[in-house]
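Engineer: This structure is in structure tokens; I'll ask about it shortly.
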Protein chains: 4
Amino acid sequence: MSQQLPDSIPPGLFAARAEAIADAARELALAGWTPATSSNFSMRIDAEHAAITISGRDKGKLGRDDIMLVDMQGHAVGTDARPSAETALHTQIYRRWPGAQAVLHTHSRTQSVASRLFARDGLIRLEGWELQKAIAGHTTHESVLEIPVFPNTQHMPELVARVDAWLDAGKPLAAYLIDGHGIYTWGRDMAEARRHLEALEFLLGCELDLRRLNA
Amino acid sequence: MSQQLPDSIPPGLFAARAEAIADAARELALAGWTPATSSNFSMRIDAEHAAITISGRDKGKLGRDDIMLVDMQGHAVGTDARPSAETALHTQIYRRWPGAQAVLHTHSRTQSVASRLFARDGLIRLEGWELQKAIAGHTTHESVLEIPVFPNTQHMPELVARVDAWLDAGKPLAAYLIDGHGIYTWGRDMAEARRHLEALEFLLGCELDLRRLNA
Amino acid sequence: MSQQLPDSIPPGLFAARAEAIADAARELALAGWTPATSSNFSMRIDAEHAAITISGRDKGKLGRDDIMLVDMQGHAVGTDARPSAETALHTQIYRRWPGAQAVLHTHSRTQSVASRLFARDGLIRLEGWELQKAIAGHTTHESVLEIPVFPNTQHMPELVARVDAWLDAGKPLAAYLIDGHGIYTWGRDMAEARRHLEALEFLLGCELDLRRLNA
Amino acid sequence: MSQQLPDSIPPGLFAARAEAIADAARELALAGWTPATSSNFSMRIDAEHAAITISGRDKGKLGRDDIMLVDMQGHAVGTDARPSAETALHTQIYRRWPGAQAVLHTHSRTQSVASRLFARDGLIRLEGWELQKAIAGHTTHESVLEIPVFPNTQHMPELVARVDAWLDAGKPLAAYLIDGHGIYTWGRDMAEARRHLEALEFLLGCELDLRRLNA
């Protein structure tokens with residue numbers, strides 16, 4: 001499927017972002033966090049556009065041709081390809097955080113199980129872990145990091161509304177879980193988004209372990 | 001051991017299926033789902049024949065010569081090799097689902113443990129997981145996916161009869177477990193069979209985790 | 001350290017056994033079953049000799065020079081190298097089973113934890129698992145496989161006496177655990193010994209999982 | 001960033017230590033024990049200097065240029081780079097043990113969870129494990145190995161004082177945990193430090209498993 005670019009987007013910029021997304025997807029697939037063609041990944045191109053994974057592709061074998069352009073309303077631009085069903089959640093993040101350059105959504109077993117376990121409380125509270133310092137803005141293990149768990153739905157506008165409601169209430173947000181589903185996190189660049197994802201996977205795993213130990 | 005093919009089967013077709021089975025077997029062995037020469041894999045050749053793994057071979061080192069031809073009654077065709085003891089379960093699937101092209105039977109620790117745990121109930125009920133959408137025909141996490149657990153036996157006709165009884169009762173079937181043993185699943189092509197297997201391994205693992213967490 | 005061979009042992013035979021031991025050791029180390037230079041491995045050379053790993057070497061980097069010759073009393077033959085402290089347990093197996101060609105002793109976390117858990121009972125009873133059929137002589141999941149757990153000691157003759165007592169009582173023995181330590185198993189060739197080890201690791205892991213699930 | 005060396009330090013010595021640190025870091029990162037740029041590693045250069053990882057680098061991609069020189073008070077020598085925040089804990093170890101040549105600090109999930117679980121007791125007591133013999137000075141599973149767990153703080157002098165207090169009380173110390181954080185261990189050379197780390201990760205994992213089994 002060919003991707004036509006608007007004149008305002010340098011082909012080299014799109015190619016570089018597509019490459020970075022495919023590299024991250026392959027590494028995260030190798031870690032087992034994208035089972036059965038799930039998960040999706042994107043990077044900002046400019047104020048109006050983002051590059052995002054095409055729906056349903058095997059994330060372990062992703063190449064540049066599996067990435068497409070969308071506008072910030074989540075519509076395909078210059079291609080007949082279909083973007084991931086959850087594109088609206090990515091573009092919402094780019095609209096709400098002008099500094100966000102990369103969004104990662106994965107589905108590890110730890111993320112899925114944690115989302116089910118903490119769904120009753122609506123959030124998971126992380127506190128006392130040195131690794132919280134891996135999240136931008138956190139400089140001590142004594143800070144508190146709250147990750148909301150939103151109910152799952154196949155209707156994306158509902159999820160967009162829940163994220164908006166959280167943010168409009170003035171609460172800090174570094175990532176969120178969707179019940180029975182997975183995690184969304186982001187960063188100022190792909191390295192920061194990856195660091196956030198890796199730290200949250202680790203911390204959710206630790207919290208599950210402590211509960212298995214009745215600690 | 002040499003494999004003679006009936007005139008009706010193009011050698012290239014058999015070779016391609018044998019290659020695809022060996023590739024899948026090596027990847028699933030690498031994942032640790034085929035311990036100690038267990039597990040078996042097949043692909044349909046035509047309405048009357050399937051290619052299947054020869055009994056007892058190390059699945060991590062499988063090559064084209066470890067695959068043989070059987071008819072839909074599970075008898076060896078054009079070879080003295082012995083097919084997997086459980087060949088009858090593969091050919092049953094090809095007979096009951098004319099669209100099935102690949103059947104996978106593995107033995108992961110998660111599959112074995114889940115089969116023991118849920119044997120008392122005779123089935124495991126999956127509900128509320130986004131990844132259920134990886135199973136053909138499921139478009140929402142709100143659907144219910146029932147995977148039966150049949151008692152183990154060394155006498156294959158008993159197992160065949162149990163699968164027939166389930167199907168004859170009109171119940172949907174995407175996969176089944178055998179108690180203390182492993183899983184069977186299938187698909188319209190090898191990619192779909194692999195996606196089903198990967199999704200079910202993931203979902204069984206999540207269900208075990210939730211129970212470990214008393215959730 | 002140089003290894004002098006008695007005239008009765010063809011250098012090619014010793015080299016082939018040393019190679020096979022080193023290959024197995026590297027693969028088992030990769031699986032994480034030989035932490036911190038633990039574990040030891042041997043193969044029979046003839047009725048009077050075995051090749052065995054030299055004490056204290058990193059099992060992940062084992063080469064032919066890390067293997068030495070011992071007699072069936074566990075004494076070094078033709079070398080100043082020191083054999084593994086537990087050599088007496090290997091040579092006992094070769095003495096008691098004339099058909100045994102390979103002995104594997106590993107230390108996986110599953111093996112260590114299972115040994116502690118089942119030490120009170122003095123044995124672990126495996127029943128109802130299809131994978132029991134991977135153990136020589138077992139043709140159905142309905143058989144019972146008893147693996148004794150012997151108390152640990154730094155004094156090898158005590159362990160040798162416990163194994164002798166078990167065998168002299170006429171009880172079948174395919175493998176044994178030592179409390180807080182690891183497993184010993186063997187086979188008619190390296191492939192069978194590996195299959196036994198892989199199947200037992202799997203089955204012990206399943207039994208621990210069932211107990212974690214209070215099942 | 002360029003590293004100027006004092007005349008007393010042969011460039012080849014610094015290069016060799018930097019190489020050894022980078023090699024160890026990459027292998028430990030691969031094992032998943034250094035999530036999200038955490039962890040730090042050092043080697044002694046001489047009585048007055050050590051080579052240590054520069055703060056915040058990805059441990060999986062570490063090269064020689066990511067290692068810098070510090071004095072035994074933890075100050076950068078001959079570079080503008082910033083050493084790891086926890087440098088004071090490394091140099092304390094070199095000051096207190098003149099024979100220590102390598103210090104490893106990692107953050108595995110097992111280490112982090114164990115540190116939280118045992119923080120109430122202030123220590124974890126290891127007893128009855130064969131693998132305790134991997135710790136220098138331990139020759140039997142019957143010995144007792146006590147690993148203290150110190151409260152976490154962002155203020156390094158507090159941690160230094162706690163380690164000093166433990167040592168000044170005459171208690172043996174092979175490693176220590178910091179609550180919600182990770183482990184410190186060391187050795188007479190990098191191989192011994194690695195063996196200590198690997199054995200302790202294994203033993204902490206076994207202790208967590210036993211508790212999950214209510215054993």
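First residue shown is number 1, and so on along the chain.
Using the three backbone atoms N, Cα and C, a Cβ is placed for every residue, glycine included.
So TrEMBL says this about it:
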type	residues	note
DOMAIN	C:19-208	domain 'Class II aldolase/adducin N-terminal'
BINDING	C:His105, C:His107	Zn(2+) binding site
Engineer: So, three-state DSSP: helix, strand or coil for C:His105 (Zn(2+) binding site)?
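Structural biologist: Once the DSSP labels are grouped into three classes, C:His105 (Zn(2+) binding site) ends up as strand.
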Engineer: Considering every residue in the domain 'Class II aldolase/adducin N-terminal' (C:19-208), what is the mean pLDDT value?
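Structural biologist: Averaged over the domain 'Class II aldolase/adducin N-terminal' (C:19-208), per-residue pLDDT gives 95.
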Engineer: As a test of the contact definition, list every same-chain residue at least 6 positions from C:His107 (Zn(2+) binding site) whose Cβ is closer than 8 Å to its Cβ.
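Structural biologist: Looking at Cβ-Cβ distances below 8 Å from C:His107 (Zn(2+) binding site), excluding near sequence neighbours, one finds C:Trp33, C:Thr34, C:Pro35, C:Ser38, C:Ser39, C:His181, C:Gly182.
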Engineer: So if I draw a 10 Å sphere around the Cβ of C:His105 (Zn(2+) binding site), how many other Cβ atoms end up inside it?
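Structural biologist: Other Cβ atoms found within 10 Å: 26.
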